[in-house]
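J.: One structure coming up, written as structure tokens, with questions to follow.
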Amino acid sequence: MSPIMDSSSSDTSDVLDQSPVSTNPSTPPATSTIDLPKLARESATEILPVVKVKNICCVGAGYVGGPTAAVIAFHNPNIRVTVVDKDVGRIRKWNSQHPPIHEPGLNEVVRVARDGTNATKVFVEGDFTVEMPARKQNLFFSTDVAKCVSEADIVFLSVNTPTKMTGIGAGAATNMVALEGATRDIAIAAKPGAIIVEKSTVPCRTAQIVRDTLEVHRPGVPFEILSNPEFLAEGTAIKDLLNPDRILIGSSRTKAGLAAAASLEEVYSAWVDRSRIVTVNLWSSELSKLVANAMLAQRISSINTVSAICEKTGADVDEIAKAIGRDARLGSKFLKAGLGFGGSCFKKDILSLVYLAQTLNLEEVADYWMQVITINEFQRNRFVKRVVANLHGTLIGRKISILGYAFKKDTSDTRESPAVEVVKSLLADNPSEIAIFDPRCNPEDVKDEIKRLFATTGLKLLKPDGPIEVYKDSYEACHDSSAVLILTEWDQFRYPPLKEKDSIFHKDAPSTVAPTKPTLGRTPSELDILHMMTSSRHTKPSSPSPNNSTPSSSTPQTDGTELAPPLSTDPLNRYLPEPGCADGCRDCERGQVEEVIANENLEWERIAYSMRKPKWVFDGRGLVDVEGMEKLGFRVEVIGKAAGGSRSRLHGFDADR
Ligand SMILES: NC(=O)c1ccc[n+]([C@@H]2O[C@H](COP(=O)([O-])OP(=O)(O)OC[C@H]3O[C@@H](n4cnc5c(N)ncnc54)[C@H](O)[C@@H]3O)[C@@H](O)[C@H]2O)c1
Ligand SMILES: O=c1ccn([C@@H]2O[C@H](COP(=O)(O)OP(=O)(O)O[C@H]3O[C@H](CO)[C@@H](O)[C@H](O)[C@H]3O)[C@@H](O)[C@H]2O)c(=O)[nH]1
């Protein structure tokens, strides 16, 4: 029986007050000062038993659907989780050795849940032998949308909701085509009583559209709709999903709505403490997501306005961020000045908020939020102007190198990347070459994207016809260059370099659920095991791994040196074999040596050696120490620091004025 399919499931009388949630879009839902989370749990469990969810289907196998489903499956071994997508290529990748997106920790989580594991015994140094049971696979990827939806107790809607580009509301409103299409497919296939969860970011009151669509296709069939927006950030998706600040669940305030919310809460409570699960009404939940993104982006624009002041006064934006971030009311996060925010979310979600305000005739509110985007564009333009001004106003005959093409570190996502806009602006000044390197973006994918982005212009921009070349080697990209531009905050580009990063499955931050057993007890949690697997310092495998695919010996390099062998990916011999890849898989072609190179810190000394004088570095992400770099022979300009590097401090010279 599905979670709300008992005798009272069709009872929609309001358990909190006598005013049911309005179905009229122009009437706001009733507000309440009642402790909704508490009541939701109590009422739901009193009136409708929360039936154990056995089958979840996630529609949309993208940056959100894939990782979210993987973590739900990882922590709920008894729930069958299937991610469906109509994009055959994407599903094929999820079923291969290379998930279609790069996220630290994703492969480990996917391998455990998608492939299942061996039972293993391991000796933990200084402790004892831990026995780890085998587990069956419970994460699946499929293109059979109708079949997988029809079997699910809970269906997540995790499809794309970009900005509408034509027609009424173009450039601001949300394009609902994918969401509507997926909702229609779900409406036709879902079993009666299924819970439909909006995971996608949607305009406020979208649940009403979902409800109407269900009613059109399946009149009279009971379905409950929840809003459960996702707050993960790319590059830290797995860390964020494993340790969420909060899980937000919006539901209608009926018995059935509250029971559905409680069913979803059960799924999350496998690893998230219930105190972190916030339940609100549907419209608050939908709107909270837009507001959270708008306010995060607003902080970035705020600090970026300060960076412009710093460059002209000699104040240092990082010092200011440090100083103000100590104020507990302000907090230290999202105060890193840079090239401005990119990515598929911030701009489109602010635009969605702006559009909402406009449609509500709140022009001042719309203008206020629009300014966050205006400042973002101002910041990017300022940076390019600074580059061109320092190169005496012309790029003709010069090679300009770009380090970082992804919109932020630790992801290969290039959607709305600041780098794309910078490249467009640089092109206008006719450099002889724009050389692009990103440690995680496959050069062929970047080239494909550039072709697509400029397709309408008819211009051939890629070498040999045009000035753009994409490199898989950072040193080649910077060779003979007049200026290196750091556009993505990859740690690999820092100077001085960072020390080693911690495992994201670190045992000190294993889960938000209070541990009921010792962290390394005889029945360790899945997270304990992943921590052990990813930190070989703590573990010693009981026997050599038959399935370990990483090379065990060092790799000879063309310059005669040897790369150290990569750390074993399966020190506990737990993984089962991965599925094979299709012929011509680009990621296989990239190979393991390139994987090692992608993780290596840049040797700035080597770059200095091969650049053209005066060896300009324009740091758009505040990653390098100016004086240290100057000692290597570079001339450095950093966002938010006085123009002219340490020269300005010595001579009062300001190149930007
Ligand atoms: N990317 C993020 O970091 C992030 C974080 C939080 C929330 N969100 C929100 O989550 C949603 C999804 O974002 P994303 O980045 O994962 O998008 P995405 O484009 O990476 O993935 C969406 C997937 O949905 C598939 N799809 C579309 N219509 C379909 C249908 N009818 N049936 C089956 N599959 C269909 C597409 O083929 C695509 O693979 C958006 O609303 C976004 O705003 C994104
Ligand atoms: O102090 C900062 C922090 C971020 N950025 C930039 O801002 C952009 C967005 O970064 P981030 O928010 O970390 O990544 P997203 O994946 O876009 O995540 C945002 O958008 C998601 C999609 O809605 C939300 O789920 C997340 O909570 C929200 O952080 C990137 O270009 C960053 O380089 C800065 O310039 N300075």
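Just so it is clear, glycine is given a Cβ too, placed from its N, Cα and C backbone atoms.
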J.: Lys289, Lys460, Lys463, Lys472: which one does TrEMBL list with Phe231, Leu232, Ala233, Glu234, Phe334, Leu335, Lys336, Ala337, Gly338, Gly342, Lys408 for the substrate site?
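T.: Checking Lys289, Lys460, Lys463, Lys472 against TrEMBL: the substrate site match is Lys289.
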J.: Pick from Arg415, Arg452, Arg494: which one does TrEMBL list with Asp85, Arg90, Thr161, Thr201, Glu234, Lys348 for the same NAD(+) site?
T.: Arg415
J.: Out of Leu335, Ala337, Cys345, which of the recorded positions is least crowded by other Cβ atoms within 10 Å?
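T.: Taking Leu335, Ala337, Cys345 as the recorded positions, the minimal 10 Å Cβ count falls on Leu335.
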J.: Provide the number of Cβ atoms within 10 Å of the Cβ of Phe231 (substrate binding site), excluding the reference atom itself.
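T.: There are 17 such Cβ atoms around Phe231 (substrate binding site).
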J.: Under 8 Å Cβ to Cβ from Ala233 (substrate binding site), same chain, six or more residues apart: give me those in sequence order, or none if nothing qualifies.
T.: Asp240
J.: Record lists Asp85, Arg90, Thr161, Thr201, Glu234, Lys348, Arg415 as binding NAD(+); longest Cα-Cα distance in Å?
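T.: Roughly 23 Å, rounded to the nearest whole number.
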J.: Across all the protein chains here, work out how many other Cβ atoms are within 10 Å of the Cβ of Thr161 (NAD(+) binding site).
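T.: Thr161 (NAD(+) binding site) is surrounded by 25 other Cβ atoms within 10 Å.
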J.: When you measure from each Cβ to the nearest atom of ligand 2, which of the binding-site residues Arg90, Thr161, Lys289, Ala337, Gly342 fall under 6 angstroms?
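T.: Correct list: Gly342.
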J.: Could you give the Cα-Cα distance between Arg415 (NAD(+) binding site) and Ala337 (substrate binding site), in whole Å?
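T.: Ala337 (substrate binding site) has its Cα 20 Å from the Cα of Arg415 (NAD(+) binding site).
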J.: In the domain 'UDP-glucose/GDP-mannose dehydrogenase C-terminal' (401-522), how many residues does DSSP assign to helix, to strand and to coil?
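T.: When I sort the residues of the domain 'UDP-glucose/GDP-mannose dehydrogenase C-terminal' (401-522) into the three classes, I find 32 helix, 19 strand, 71 coil.
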